Amino acid sequence: MDLSIKRQNSRKKLLSARIRTAVKQLFHFGWEQALSCVFPVVIFASLAITQNLPLPFLPRYDWLLIIFLLMQWWMVRSGLETKDELKVITLFHLIGLALEIFKTHMGSWSYPDEGYFKVFGVPLYSGFMYASVASYLSQAWRRLKVELVKWPPFLIVVPLAAAIYLNFFTHHFWLDLRWLLAGLVLIVFWQSWVTYEVNGARYRMPLALSFMLIGFFIWIAENIATFLAAWKYPNQADGWSLVHLGKVSSWVLLVIVSFLIVSTLKQIKGRSVAAGTNYFIKIKLCRGVMSIDLKYGHDYRTN
């Protein structure tokens with residue numbers, strides 16, 4: 001009888017210890033996630049504040065642009081973001097802005113308010129909403145010491161990311177291949193895992209599952225953003241309503257593009273550092289045409 005009681009007490013202590021450890025690890029994980037989400041949080045806070053306060057001198061869209069630029073400067077200045085991460089974020093800003101210009105032209109959504117800093121009807125601040133996804137991915141990658149297991153070859157990853165991005169444009173004129181592309185993603189990444197560190201312990205997750213989870217949470221964020229009048233879908237012209245659940249698939253695919261770009265640049269950076277070299281992204285504007293160069297070389301500047 002005494003032995004049975006001791007065993008029960010031992011099991012209770014073991015269970016209690018495991019629960020405490022799990023709660024502790026969950027807290028550490030949440031804290032790292034919160035630090036990685038500083039930029040998105042500022043975006044949502046700015047949307048909420050500017051919607052409810054009278055703004056002098058400039059329209060709301062322009063104030064949002066100023067706030068986001070200042071926030072970006074402060075994050076790099078304070079060390080929350082590195083210069084390498086700023087390069088990736090700038091690239092995403094341009095990619096997102098190009099997509100916004102096309103989508104608003106096709107009537108997928110609109111920015112009905114006034115603003116001085118608009119390009120083809122799209123406020124420049126909108127690119128920061130895409131950049132915030134890249135900011136989160138880059139910071140979470142660094143803070144959680146993310147590593148990829150069984151990552152597909154470069155020659156498969158790049159064309160797949162390009163096809164997913166192009167489908168956001170071409171489906172207006174041709175077939176919508178999102179489900180075919182989603183199937184290809186599952187096939188290509190079926191054996192791929194992402195590992196990450198929380199308080200000294202390593203964990204892992206199927207890569208496809210991480211894509212779905214991030215896409216779902218961005219869909220939730222999109223509902224908050226449209227509620228705060230960041231933009232409007234056609235069905236929200238007369239009042240806010242829930243964004244269609246089908247948009248989750250679009251966000252999952254966009255997350256995949258974001259993740260593939262960030263992961264590719266991270267791996268290039270890792271290999272170049274190991275080889276004693278560095279890479280840099282150079283964005284050039286010549287006669288209205290933008291070109292982005294990824295170059296290698298000895299670069300001893302601090303990142």
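Any Cβ shown, glycine's included, is placed from N, Cα and C.
Taken verbatim from TrEMBL:
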TRANSMEM  26-49  transmembrane segment
TRANSMEM  61-76  transmembrane segment
TRANSMEM  88-109  transmembrane segment
TRANSMEM  115-137  transmembrane segment
TRANSMEM  149-171  transmembrane segment
TRANSMEM  177-196  transmembrane segment
TRANSMEM  208-230  transmembrane segment
TRANSMEM  242-262  transmembrane segment
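The stretches the transmembrane segment (26-49) and the transmembrane segment (149-171) are not in mutual contact, being linked by fewer than three Cβ pairs under 8 Å (pairs 6 or more apart in sequence).
Pairs of Cβ atoms less than 8 Å apart link the transmembrane segment (242-262) most often to 208-230, out of 61-76, 88-109, 115-137, 208-230.
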